[in-house]
Amino acid sequence: MSLFLRKRCLCLGFLLFHLLSQVSASLRCPSRCPPKCPSISPTCAPGVRSVLDGCSCCPVCARQRGESCSEMRPCDQSSGLYCDRSADPNNQTGICMVPEGDNCVFDGVIYRNGEKFEPNCQYFCTCRDGQIGCLPRCQLDVLLPGPDCPAPRKVAVPGECCEKWTCGSDEQGTQGTLGGLALPAYRPEATVGVEVSDSSINCIEQTTEWSACSKSCGMGVSTRVTNRNRQCEMVKQTRLCIVRPCEQEPEEVTDKKGKKCLRTKKSLKAIHLQFENCTSLYTYKPRFCGVCSDGRCCTPHNTKTIQVEFQCLPGEIIKKPVMVIGTCTCYSNCPQNNEAFLQDLELKTSRGEI
C-alpha cells in the first residue's frame, strides 16, 4: 500500500472516530448545560408533549413507544414509558417500552395490563399493573340541582343506566324530575345555551354548562362539551378553576339563617396563579367562595372564563382558560372530591359492586 493510501485511510479512520465520539457525546448529559437553549421550541407530532431532556437543560419532544431513547432523549413518562437499554453494552441508547405489569382479575375475568373494560354501564375501568382504576359515567355528584330545588333526591329512570335528580317529595319521582337533566353547580355563562349558528353552515350550536371544579380547594379543572367550531363537532373543553385556597382560614359564621355564602376577602396583594410547574405571567386578585352558616356547600354561582398566560419551561409561554368567580351560593348536595370518590370506589370494588 502506498504512502498516500495509508495517510488517506488514517485520516478517514480519525474522522470516523471523531464522528462516533460526537454521536456518543450527544447521547449523554454534558458536564454543563448550554448557556442558551434554541429560541424556538421543538415542533412535536400531534399528541406528543414537550419535556425537558434527561439532563434538565432544554425542551425536547418526548420519545414514544418503540422509538430510540437516551439521556438526552427521554421517553414520555406520562404514558408510563421507560428507556430499556439492556441491548446496549454501553448502556447509552435504548428503546421506549411499557413495563410489563401484572394482570387484573375482576368478577372472574382476567384483564391484561393496560386493558380497558366496562364492568357495567356506570363505570369505565382500566387495568394498570395489577390494580383496577375506574371512572364514573354518571356525573350526579358533579351535576347538582339548582338552589331553588326543594328536597333533591336521586331516582331511577326506566330504561336508563344513570339515576336522575328530582325535586319535591312525590313518590314516583316523575313530576319533579329536572327534564331528565341535572343542573350543574355553575350557572350558564353568556356563551352557554342552544342557539342557531350561521345558516350557511347549517349547524345548531350546542354548549353544555361547566362542570363543578374537580377540587374543593386549590387548583382543579372544570369541563364542558361544545360544538362551537367550524366543523360543528362536539369536543370537550377544560378550564382551570380554584374555588378556594387550601390554606384558607375558616371564617367566623355570623349569619344564623344560613341563606348566604360568606364570601372570603380578596387577597390584600395580587398573587400569581400556579398549576403543575407553570406560573402566570401577571398577578391577579381572585374572588373565592367561603362557607355556609348552616353547613351546606358554598360553590360558584356565576362565573366567567378568561385566558391567562403561563410560563412553564424557560422561554415557553402558554395560554390556559381560567374560571373567574362572580358570585357563590349554598347547595345541599355537595360535589365529591377525587379522594372521596376513590375511597368510595375502592370500597365498592372490594365488595364486588362494580
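Using N, Cα and C of the backbone, Cβ positions are placed for all residues, glycine too.
Here Swiss-Prot flags 1-21 as signal peptide, drawing on sequence analysis.
Annotation source Swiss-Prot lists domain 'IGFBP N-terminal' at 25-99.
Counting only same-chain residues six or more apart in sequence, the Cβ atoms lying under 8 angstroms from the Cβ of C29 (disulfide bond) belong to G54, C55, C57, E71, M72. The annotation disulfide bond is assigned in Swiss-Prot to C29-C55 (among others).
Cβ neighbour count for C57 (disulfide bond) (all protein chains, 10 Å cutoff from its Cβ): 16. According to Swiss-Prot, the disulfide bond annotation covers C33-C57 (among others).
Per Swiss-Prot, the feature disulfide bond maps to C37-C58 (among others). A sphere of 10 angstroms centred on the C-beta of C58 (disulfide bond) encloses 18 other C-beta atoms.
Sequence-distant contacts of C61 (disulfide bond), defined by Cβ-Cβ distance under 8 angstroms and a gap of at least six in the same chain, are P42, T43, C44, A45, V48, R49, S50, V51. Annotated disulfide bond per Swiss-Prot: C44-C61 (among others), in sequence order.
What Swiss-Prot lists as disulfide bond is C69-C83 (among others), and the listing cites sequence analysis. In sequence order, R63, C75, C83, T93, G94, I95, C96 make up the list of same-chain residues 6 or more apart from C69 (disulfide bond) whose Cβ falls under 8 Å from its Cβ.
Taken from Swiss-Prot, the feature disulfide bond covers C75-C96 (among others), and the record attributes it to sequence analysis.
In this view, N91 (N-linked glycosylation site) is surrounded by 10 other Cβ atoms within 10 Å of its Cβ, with every protein chain counted. According to DSSP, N91 (N-linked glycosylation site) sits in a coil region rather than a helix or strand. Under the heading N-linked glycosylation site, Swiss-Prot lists N91 (among others), citing sequence analysis as support.
Annotated domain 'VWFC' per Swiss-Prot: 102-168, in sequence order.
The S-palmitoyl cysteine annotation in Swiss-Prot covers C241. In the three-state DSSP assignment, the secondary structure recorded for C241 (S-palmitoyl cysteine) is strand. Of all the Cβ atoms in the protein chains shown, 25 others lie within 10 Å of the Cβ of C241 (S-palmitoyl cysteine).
For C261-C298 (among others), the entry in Swiss-Prot reads disulfide bond.
For 261-335, the entry in Swiss-Prot reads domain 'CTCK'.
Feature annotation from Swiss-Prot assigns N-linked glycosylation site to N277 (among others). Long-range Cβ proximity for N277 (N-linked glycosylation site), meaning a same-chain Cβ under 8 A and a gap of 6 or more residues, is found for C312. In three-state terms derived from DSSP, N277 (N-linked glycosylation site) belongs to neither a helical nor a strand segment and is classed as coil.
When secondary structure is read from DSSP and collapsed to three states, C312 (disulfide bond) falls in the coil class. For C278-C312 (among others), the entry in Swiss-Prot reads disulfide bond, with the evidence type similarity to another entry.
According to DSSP, C328 (disulfide bond) sits within a strand segment. Here Swiss-Prot flags C289-C328 (among others) as disulfide bond.
Spatially, by CA atoms, the recorded positions C33, C37, C241, C278, C328 include one closest to C297 (disulfide bond), and that is C328. DSSP states for the domain 'IGFBP N-terminal' (25-99), grouped as helix (H, G, I), strand (E, B) and coil, give 6 helix, 17 strand, 52 coil. Considering only the disulfide-bonded residues C278, C289, C328, the residue whose Cα is spatially closest to the Cα of C37 (disulfide bond) is C278. Within the same chain, residues at least 6 positions away in sequence whose Cβ sits under 8 Å from that of C278 (disulfide bond) are F310, Q311, C312, I318, K320.
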